[in-house]
Amino acid sequence: MIVVTTKRKASMEEEDEGCERWMVVVAAFFVQFIVCGVTYSLGVFHVIFKDIFYESHFDTSWVGSILLYITALSSVMLRFVTSYWGSRVSVMVGGVMASTGLALCMVVTELYQLYMAFGLLVGIGFGLAASPSIVAVERSFIHGRYQALSFVVAGIGAGIITFPIMIRYLLEWFAWRGTFLILSGIALNLCVCGATMRPRANDKELRLLPLLSCLPMRHPLFHGMCIANLFWSFGSTIIYMYLPAYAISQGTSFETSTLLVSCIGMASFCSRMIFAFMGHNSTLDEVTSVLCSIGLGVVITGICPLLFEHYPGQIGYTLLFGFYSGFWTTFLSQVARELIGPEYIALGNGYLSCMVGLGSLAAGPAAGLLIQEENEYKYAFYLAGSCLLWSSIIMVMFKLKRCVAPSREDFEHQKEKDDIQKVPLILDELGSTKEKVPMLADDIVVCV
């Protein structure tokens with residue numbers, strides 16, 4: 001989700017509330033920890049649901065696919081909750097809905113009931129909680145925002161590392177119904193996190209840009225970004241959903257296969273931290289872009305069947321994919337900022353979220369059909385790797401064609417009128433028209 005908030009000068013009250021603002025950061029960290037921990041454990045849930053209900057991969061995969069689709073879509077479609085009632089209400093309502101959905105999973109007797117409880121209800125709850133928690137951090141910080149967000153984003157990796165292993169032990173001790181009861185209680189802690197995000201006395205009302213504006217759609221660069229998001233979402237969903245099942249088919253135990261998902265979280269976390277430490281433009285040089293984007297994509301696509309023959313190879317595959325995943329999210333953000341500009345990403349964020357949601361919705365069932373037809377997991381992973389590779393190729397091609405043009409005086413404050421600097425390609429071409437981005441003079445764009 002990408003929103004626009006009002007830029008304000010730091011006041012004495014804000015300086016005195018430093019401790020309280022960092023409490024919001026800690027709360028947002030645990031929101032990401034819980035939401036992403038449960039969401040990215042969908043491969044573990046897929047194995048559980050398939051064994052319990054004795055359904056096919058195609059039918060079972062809809063549970064996780066619906067969860068991802070609804071989470072992506074509701075974070076945009078329900079943004080009015082944050083706009084009218086603030087982040088506190090949105091996160092707390094999301095916590096109640098997610099907790100209720102997980103609790104209802106205890107009493108389901110048919111797979112379609114999981115579509116409603118785990119897919120729909122939990123997805124809406126997570127969508128209401130995830131993005132507004134980051135909005136709360138953005139609104140609490142004027143200085144030190146990058147450091148605060150880096151800490152919050154670390155909750156994603158921490159959740160992916162922790163939850164698969166935790167779910168494994170919960171299944172051993174409390175069976176699957178007891179596991180969902182405990183997960184329901186954990187999700188209810190989102191309400192506690194939301195309660196710390198109290199409205200600030202001097203906050204102005206949040207103003208959201210229209211998320212389905214036609215302006216970004218007039219440039220092929222934005223179309224390319226939408227397609228890249230679709231391919232990446234499709235490929236990564238297949239890997240997260242079928243990784244434990246693929247490992248089990250190769251003789252790995254269920255208990256050990258859950259560790260593979262945690263390995264993805266570890267590698268992704270390290271990758272994000274490495275490129276964050278290297279700076280805002282750490283992935284934009286040509287060598288890093290080509291080697292990490294296309295090079296890792298080729299490796300992951302080509303050698304997955306060889307690596308999955310033995311457990312050490314499976315760990316190696318997950319570490320490669322985790323590093324690739326952490327790089328990709330950083331690379332996409334930096335390339336979008338350089339070539340498109342955050343204003344136009346904000347105006348077209350609804351399209352991007354739809355692409356992510358559609359990719360997640362289609363990936364699981366499509367791969368399930370392929371697995372059932374060929375009776376092999378490797379073809380589904382070839383498909384996943386190919387999609388990841390194409391998403392990287394698309395963005396690298398646009399990145400290598402970036403332009404250098406004189407910047408407009410109304411785009412950035414210039415010290416000298418004759419300066420030449422890199423301007424987002426989409427701004428340069430749209431700059432020749434009379435249409436302007438609907439922003440106020442004191443607004444800043446906040447990417448979530």
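Note: Cβ is positioned from N, Cα and C throughout, glycine not excepted.
All TrEMBL annotations are machine predictions without curation.
What TrEMBL lists as domain 'Major facilitator superfamily (MFS) profile' is 21-403.
Long-range contacts of the transmembrane segment (21-49) within the same chain: residues 14, 55, 60-61, 63-64, 67-68, 71, 91, 98, 102, 111, 114, 118, 122, 126, 129-130, 133-134, 136-137, 140-141, 148, 151-156, 158-160, 162-164, 167-168, 171, 176, 183, 186-187, 189-190, 192-194, 196-197, 240-245, 248, 254, 257-258, 261, 264-265, 364, each at least 6 residues beyond the stretch ends and with a Cβ under 8 Å from a Cβ of the stretch. Among the features that TrEMBL reports, transmembrane segment is placed at 21-49 (among others).
Among the features that TrEMBL reports, transmembrane segment is placed at 61-82 (among others). Through the fold, the transmembrane segment (61-82) approaches residues 1, 3, 35, 39, 42-43, 45-46, 49, 89-90, 93, 111, 114-115, 118-120, 122-124, 126-128, 130-132, 135, 206, 208, 211, 237, 241, 349-350, 353-354, 356-358, 360-365, 367-368 of its own chain, all at least 6 residues removed from its boundaries and within a Cβ separation under 8 Å.
Panel annotation: around the transmembrane segment (89-109), residues 31, 35, 38, 78, 81-82, 117-118, 120-122, 124-130, 132-133, 136, 177-178, 180-181, 183-185, 187-195, 197 of the same chain, lying at least six beyond its termini, place a Cβ under 8 Å from a Cβ of the stretch. Look at TrEMBL and you will find 89-109 (among others) tagged as transmembrane segment.
The transmembrane segment annotation in TrEMBL covers 115-136 (among others).
Long-range contacts of the transmembrane segment (148-167) within its own chain (CB-CB distance under 8 A, at least 6 residues past either end) are made by residues 21-22, 25, 28-38, 40-41, 43-45, 133-134, 137-138, 140-141, 179, 183, 258-259, 261-262, 264-266, 268-269, 272-273, 276, 326. Look at TrEMBL and you will find 148-167 (among others) tagged as transmembrane segment.
The transmembrane segment annotation in TrEMBL covers 173-197 (among others).
According to TrEMBL, the transmembrane segment annotation covers 221-243 (among others). Within the same chain, residues 40, 42-43, 46, 57, 61, 64-65, 68, 257, 260-261, 264, 318, 321, 325, 328, 332, 336, 339-340, 344, 348, 351-352, 355-360, 362-364, 366-367, 371, 377, 380-381, 383-388, 390-392, 394-395, 397-398, 425-426 sit at least 6 positions outside the transmembrane segment (221-243) and bring their C-beta atoms closer than 8 Å to a C-beta of that stretch.
As annotated by TrEMBL, transmembrane segment applies to 258-278 (among others).
Annotation source TrEMBL lists transmembrane segment at 290-308 (among others).
Per TrEMBL, the feature transmembrane segment maps to 314-332 (among others).
Here TrEMBL flags 344-367 (among others) as transmembrane segment.
What TrEMBL records for 379-398 (among others) is transmembrane segment. Outside the transmembrane segment (379-398), and at least 6 residues removed from its termini, the chain residues within Cβ reach (under 8 Å) are 221, 224-225, 227-232, 234-236, 238-239, 242, 246, 289-290, 293-294, 297-298, 300-302, 304-305, 308, 324, 328, 331-332, 335, 339, 363, 366-367, 370-371.
Within the model, the domain 'Major facilitator superfamily (MFS) profile' (21-403) shows a mean pLDDT value of 84, rounded to a whole number.
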